[in-house]
Every structure is written in C-alpha cells, then in structure tokens.
Ligand SMILES: Nc1ncnc2c1ncn2[C@@H]1O[C@H](COP(=O)(O)OP(=O)(O)OP(=O)(O)O)[C@@H](O)[C@H]1O
C-alpha cells in the first residue's frame, strides 16, 4: 500500500482534489436519505406541510444531480492523474530496461516482460483512478452515517455499527491472509507463463503450420493454459466458502436492526420515521464499505504486479564509468578474459589477443565455440567475470556506455527492422542529414529498392503489402551501420541468409563500410575471410590459433579441418540418388 501511495504521490495535487470531490459526492448522496427521514416525519405528523415536503424533494433532486456532477469531476481528476502516472511508469521501465545488462533480459521471457509493461502497469490505473477515491468514500460515508444515526437513536446506532465492526475484522482475514497472498503469487506466475507461451506460440506459427500442429499440440502453450485453468479453479474452490459465508452474513446484517427497531417502535421508544431511517441507512452505508472489501482482493493482485515492476526498476544497472575516457585509437585487446552466461554456462576461458587498429580480423570456429560471445563482449552487452578488455588502451569499463556505443557498430545475424518508416529505420535517431542517409543507403546497395517502394523512404515497414526480403533487410541494417560510421565494426554472420545476388551486393556494401575501421567478421564461409589481416580460431570457448589464412593452414589442425570441410561443402549437391 505504501509503495502504491508512493507511486501515486507523483500526482499528489490531482489525487487530493479527486479525493476531496469524492468526499463531497458521498456526503451529497447521503442528503436524500436524510431528507426522506424528514419527509417521513412530516408525512406521519398530524398536520402535513405540503410545500415543505415538495421542497425536501427538490433539495433531494438537487443533491443527487450535484453529487453526480462532482463525481464526474472527481473521476476526471483521478483518471488524468492515473494515466500520467502510467505514462511515466512505462517510460521509466522502458528506460531502465535499456540500461540493464543483457543477462537480465536473458533470464526473462518477452511474454513475461510484456505482462509487466502492459498488464501490471495497467492495474495500477485501477488503484489510482478508482480505488483511492473509493477508499476515501468508504471511510467517510460510514463515519458520517454513524454520526448522524447516533444523533437519532444511540441504541439502534450501536446495533447498526456491528456489521461494520465484523467487516473490519473479517476483511483482512479473508483477503489479506498469507494463504491468499501465496495464491496471488501463483496467479501472477501462472499468468506470466501463459503470456510467454502465447508469444512463443505466435512466433512459432510457421513451424507449427508446416508440421500440422495446432494450439493443443504446442506443448508450452497448451501446458500453461491448462495450468492457469487448473489454478483459477483451485483458487475459486478455496476462496468461495469463506466469501459465501461473509456475503450471506452481510446480506442479513439488517436483521438485528430490524428486530431491535420494531421492538423499540412497538414500545414507543422511536417513531415510524426513525425506524424507517435506520432500515434504509443502517444497511445503505455498507455499500461503499463493500467496495473496500473488493479493493482488498484487488490490491493483492495489484501488489504482485508492483513487485514485478519494482524488480525491474530496482535491478542493478551496468556499472558506468564516472570519468569520461574516450579512446584515441581503436585497437582491441583481450587480456585473460573469462566469461560465463549466468553462473553455469562457461563460454570463454582465458582469452588473450590483440587486434590492431584499422585491421580486419575474422573469428572462426565450430558452432558454439564462443565467436558471437567475443563480439558481444566488445560492445559490453555482457560484463566479463575475469580479465580485461581494452579499446585503444582504455579498459572498456572506464569508457562511458554512451561513448562505447558510439565507438562500436554491430551488424547482427538477424536484422531487426522496426515497424516504422524506412527513414526512421536507417536513421535510428542519429543526428544525420537526409543527404548522409541517402548516401548510406546507396553504399549499402539498398537505395534503388527503397525508391521502388510506394512512399520511398517514408514507406512504413510492416504495413500490409510492404515486404522486404531477408537480404534487403540486412542491407537496411548495413545502411544504418554505414551511417553510424563508428570506428569499430562487428559483422556477425552478416551474409548468412543472403542469396548469391544479394551476397554480391552485400559484399560490395561491406567494402564501403570497412574502409578505415577496425573490423571483426564472424563467418562460417571461410572463403569470404581468407584475405583477413588475421584469423582467430575458437573451439569450446578457447582461442586455439591465430594468424593469416596461409599460416593457419599449415599450423592449426582445427583450421585445416574446417577449411577442407568448407571445400567439400562447396562441391556438395543434393540429389535423390
Ligand atoms: N544468451 C545466452 N545465454 C546462455 N548461453 C549462451 C547464450 N549465448 C550463447 N550461449 C552459450 O555460449 C556458448 C558460446 O556461444 P556463441 O554463440 O558465442 O558461439 P558461436 O561460436 O558464435 O556459435 P555459432 O557459430 O553457432 O553462432 C555456447 O555454448 C552457447 O550455448
């Protein structure tokens, strides 16, 4: 609750206004009940003053109208505050995600993160926009009613107060128990698993279709949906009995008032108007308190979401250097580097090498040898556990992250194109001119294709009918890298999915790109890297050899094997016989 109020506190002014208006609304709503009492008193008196009764009715009508106008204003204030807070919260989570080490994302599913950013944040809206005003109403209405009832008859007022006492004791037991909190924790986990199952199911659709599978057969999705279903049923089974007892008690809360009220009336202790007033108000004031009861269970759900939000917001960011060290040259040195993903998967062991500035280096080795890991460590996607990595003689941990990102350009295996215009996709928020962007697209051999699109550079990728082949998407990625013009360039299997025509174009684009830069290429097709200044051969996380193509052919057994396998693969044909 405190944490939620802290979140809500960023819009304190609007929320206080909303609460104040909610109180006025609630008090105005009580007025018609009180007026009904006066009307009844008048109607049961010996001489009925008609004009007074009509006036009371007018007052009641005005109070109701005014009360709902004020409720509207209260709702507006709380909703504006809520959506402002949600916006800020989503912005800070997204900002934080960008600053967290890749390990954080590696341990989580995209479905789970989506749930935090969309569902968990959304639930806070319910608390701020509805529950805070309801809570205030839930407190003020019973207090005001009880005070008023005491002024009419203290005996009936005490009896009317009993259900409220029971509510106050019972509610926390039912809704806030340890068991209920545990159930809520499971509920969230279950929902998160289902979310990630759905995301994976949609992503796996092409494979599912080819293998004729449907949702039931997609085990992860099917399992998570079944688990969720089972959990919700169990939850209902466990919480229904106490809730049913609670509800039936509250529904009959009027009984003691009725019994005592009739007895008092029959013994001339109270008039008919007072009896009716207690029958109406004695139970009516509980309505907003019921809203509080509901709020208890909703709060537990919201709190679980807030925990997930805080888990992201409080996660340790990558350490950033306070001193600004900008490398003056761009040679890269690994010194006794050890690295594991998490604490279990050892990916690199005691790696030492030096890549001179403006040289072209190829990383080769069998699948899983650690090539991509080495490349990613240079851009500090991950932090190493032991050893040091230097760029231009400066430890990369001493280079501010923003500066490091400006220094390194990465062309990934899988190109990621945003659902935005082609211009935005190439510019990526960089401070470059239109002319520079077009020059980059020309160098990346993609300008002509963009010109053919319906709106040229303004065409939005992802719109229906707009499609770019894998090779074209890669050349967009290359255009980004060319435009960025960073002194260190890492190409991770960048031609892996290109067809021969595309590959020739991509190779040409590369030549434009690598000029005058420190370049690292990860390539499986060894024929593309024979001219490299040096080749590093990796195997099972270790650096097994280093040198030029010709030297490695003589000195390195693994390289020899890879080279002859590559030669054989070139002659490989698929035939039915
Ligand atoms: N994000 C990750 N989380 C956990 N383990 C990982 C991750 N990425 C890679 N690994 C593991 O680290 C080891 C090295 O992987 P890496 O991707 O660097 O190899 P690679 O030589 O680039 O392989 P490939 O040529 O198949 O791309 C492998 O055992 C791999 O399973």
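Every residue gets a Cβ built from N, Cα and C, even glycine.
Quick look at what TrEMBL annotates:
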DOMAIN    16-300  domain 'ABC transmembrane type-1'
DOMAIN    332-565  domain 'ABC transporter'
TRANSMEM  12-36  transmembrane segment
TRANSMEM  56-87  transmembrane segment
TRANSMEM  132-150  transmembrane segment
TRANSMEM  156-175  transmembrane segment
TRANSMEM  243-266  transmembrane segment
TRANSMEM  272-293  transmembrane segment
Q. Would the transmembrane segment (12-36) count as touching the transmembrane segment (132-150), if touching means at least three Cβ pairs under 8 Å and pairs must be 6 or more apart in sequence?
A. yes
(Q) If I count Cβ-Cβ pairs under 8 A between the transmembrane segment (132-150) and each of 56-87, 156-175, 243-266, 272-293, which range comes out on top? (A) 272-293
Q. The transmembrane segment (243-266) and the transmembrane segment (156-175): do they have three or more Cβ pairs under 8 Å, with pairs 6 or more apart in sequence?
A. yes
Q | Taken over the domain 'ABC transporter' (332-565), the model's mean pLDDT | A | 85
Q) Any residues 6+ beyond the ends of the transmembrane segment (243-266) with a Cβ under 8 Å from its own? A) 153, 155-156, 159-160, 162-163, 166-167, 170, 174, 272, 275, 278-279, 282-283, 286, 290, 293
